[in-house]
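Below is one structure, written out as structure tokens, with a few remarks after it.
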Amino acid sequence: MSVLTEPERPQAEPDNRAVVLRSWKAPIALAIFTVIAAGLFILGHREGTTRFQLSQGSDLIQLPAPELPTFATGIIITIVLALMTAFAFYRVQKYRRVPIWFIAVFAVLFMTGFLTWAAAGATVPVPGLLIGTVTLSVPLIFGAMGGVISERVGVVNVAIEGQLLAGAFSSAVIASATGNLYLGLLGAMVAGVLVSFVLAAFSIKYFVDQVIVGVVLNVLVIGLTSFFYSQVLTKDPGLLNTPPRFSRIEIPILGEIPILGPVLFEQTIIVYIMYVVVALVYFCLFHTKWGLRMRAVGEHPTAADTVGINVTGTRFWNVSLAGAIAGLGGAYFTLGAVGAFGKEMTAGAGFIALAAVIFGRWDPIRATLAALLFGFATNLQNVLGIIGSPVPSEFMLMLPYIVTIFAVAGLVGRSRGPAASGKPYIKA
Amino acid sequence: MSETTAEAEKAPVPATPSEPKDDQRWSQAMRDIVGGNAMISVLAVFLALVVGAVLIAFTDEQVQETAGYFFSRPGDMLGAVWQAVSGAYGALFQGSIYNFRRDGFLAGIKPLTDTLVYATPLIVAGLGVGLAFRVGMFNIGGRGQMLIAAAGAGWVGFALDLPPVLHLIVAVLVGIIGGAIWGGIVGLLKARTGAHEVIVTIMLNYVALYLISFLLRTPGALQAPGSNNPKTPAMKETAIFPDLLGPQYNLHAGFLTAIAATIFVWWLLNRSSLGFQFRAVGENPNAALVAGINVKNIYVYTMLIAGGLVGLAGVNQVLGTVTTGFSSGIDAGIGFDAITVALLGRSKPVGIFVAGVLFGAFKAGGFSMQAAEGIPIDIVLVVQSVIVLFIAAPPLVRAIFRLPTPGTAPRRQLPIVTKEVKAK
């Protein structure tokens, strides 16, 4: 027998069977939220009843407004959350996943408990909360779609902010000067595409770091729009900066669904375009030749090139398309919401859209949901500010950003982007 | 040696090896100078000023009026263009370097000292961003790091009672530590979880902004007592950077910290073992890992030092430039300007120093241009970003000016073969 043995391998060889990894992240996260719930709802004892207003006065079907006793509801919800957390631990113990719907139910319950607690002795206007959520999310969703397309094709799009701002500026000016809203929308798309052209030209042709180009483009667009705003727009605001606004269109039958009807189907045309864009991006990305080629270019450009896909062209035109979509989101700031253009009016929405892209793991539907979540957090802060909430509004505003940090740190779920995103393709 | 390494990551030079013969050597050297990086930087600044001039002329009312009858009297419009552009850039110069309208040299040179005041935070923040660049990281978190540092230094500055010199030192150190922590979070997350630093820094900017906004409106935290405004009380005399050239100039001792920081970063990158590891990781993290460098720790160290440097910019703002108390806009966009400074300076300490002074001059001059000529200071943002765009793409600048690519031999003249001879 030889004394020499094989050096011990530090890790066992992975076998061919599918290995189900135990991930304790989900139950631990649920446990943290349960502890927060217990701390707020039970220790942060608030008396009174909370009224949930479910219908607006103009709705066809009027729902009753349930009144929940604040403290009792808090206790019940905390207990349910604790049971759900225990169940999640049990699932993971048995090497099974925690289903996504389970986490969704947990989130809704937590949110209900939080609203009940925060609005003790007051009324929560649920339709207002949700309508505001959609309103605030629209530019984020457009921006996120632009980000998803651009990053899926392999170009990191930090310039979403610039595309939104350029879209807002040009749509306001064009719609104001011509009086035609649709020309304004077109102008927003063209402006977004122009920003994208610079991004694409520098990152694809000159191999400049895409993040650098994106950051610099944001500064450039802020500088240009602010300069023209101060120098040109303020001198003749009547002609150049009083665009008409889109009016709300109610879709006949869908608009009468309780709660969701007014939220989703009593909106401006930009919101309806958004529904179409999200559906189209999802469908085209995963079910068409165009989407397959695009994803191939983003994941492995060399392989895509080998099978005859024009990598440079695919990237260039898809980044341009992304700019057009993000530009539409910019138009919502002026033609959909505020009307007149203001300096730096996008106020970081592009960066939140970027966060939504990553939080949504580069998937159009998930990115949309992430954008809605961010819009909800922002609007929740607005609503609670009116009711008078015990939580400082700044912490509510911080929430989306902290959630995103947790997301990219892999605590909520691993987010991995397209493999070749951010890398220039230099043809050998 | 290190000076050459950073160049390698820029746009790929065509890999055609040149064999310089003796008689070609001089023309080769000439080509390297004309097409080299310093020349590109100068030309990029020039191009950006041209772009700015076009914008100024285009939006000038006098120019627009005279353009209406351009074809009958073109001289009017050209004159108006000249007046608008020379007026703007003249004001820019007088606001940033030397004011001829004041009496005597001592009064005339004041704009230059203003330039240095504006340059100070740009230089230190640019060093922080540039250092991270050298390690292959992207620090967009300047805003957050500055805010946290400003809050820390400002709190020490107005709330504590300490003897004169000690007070300043403690305030500066607390600020630097605040920035370092805010940056270090990013490094730690990148090292431990692989979170991309671009996203984390952008998000932390907002977290810091809201955190500081909250503290600024909370009595007992940062808010000035007896006030409802989200603003801190003024700094105590003992914690303020002393004036360098006397009370008639704004230049304060913070500029010395910028010089010290530049020397420190130069020493760190070029003369220290840690800096060597930084550069090795920046060149190729995999190779650095194989060579036995703990890459993850390097990421954390980098972001700690980078955050501290950017934090020093925040300290300079609250203890040097705006000593009457600050609000949440104290960062004044310097965190983002620092990125352009670092890019213009090509991430080298001395380059960043020069770039910081240049952008400081733009800022100082931009204000006087706004006051004197009514041209919005936003034009400075445009000029800065155009400079960086051109600097980032040397092939574009070379194409515009038809410059040769350095490192390549001049194209050999092909023997002229006329087709006509063959034609029958």
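For all residues, glycine too, the Cβ spot is worked out from N, Cα and C.
Nobody curates TrEMBL annotations by hand; they come from automatic prediction.
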| request: May I ask you to indicate which of B:145-164, B:325-344 is given in TrEMBL as transmembrane segment? | output: B:325-344
| field | Selection from B:118-137, B:166-189, B:325-344, B:351-369, the stretch that has most Cβ pairs under 8 A to the transmembrane segment (B:251-269) | value | B:118-137
| message | Let me check one thing: do the transmembrane segment (B:298-319) and the transmembrane segment (B:79-98) come into contact, meaning three or more Cβ pairs under 8 Å with sequence separation of at least 6? | response | no
| request: Mind pulling out the one from B:38-58, B:79-98, B:166-189, B:351-369, B:375-393 with the most Cβ pairs under 8 angstroms to the transmembrane segment (B:118-137)? | output: B:351-369
| request: Decide whether the stretches the transmembrane segment (B:79-98) and the transmembrane segment (B:166-189) have at least 3 CB pairs under 8 angstroms, with pairs required to be 6 or more apart in sequence. | output: no
| query | Any residues 6+ beyond the ends of the transmembrane segment (B:351-369) with a Cβ under 8 Å from its own? | reply | 45, 88, 91-97, 111, 114-120, 122-123, 126-127, 130, 258-259, 262, 337, 340-342, 344-345, 375, 377, 379-380, 383-384
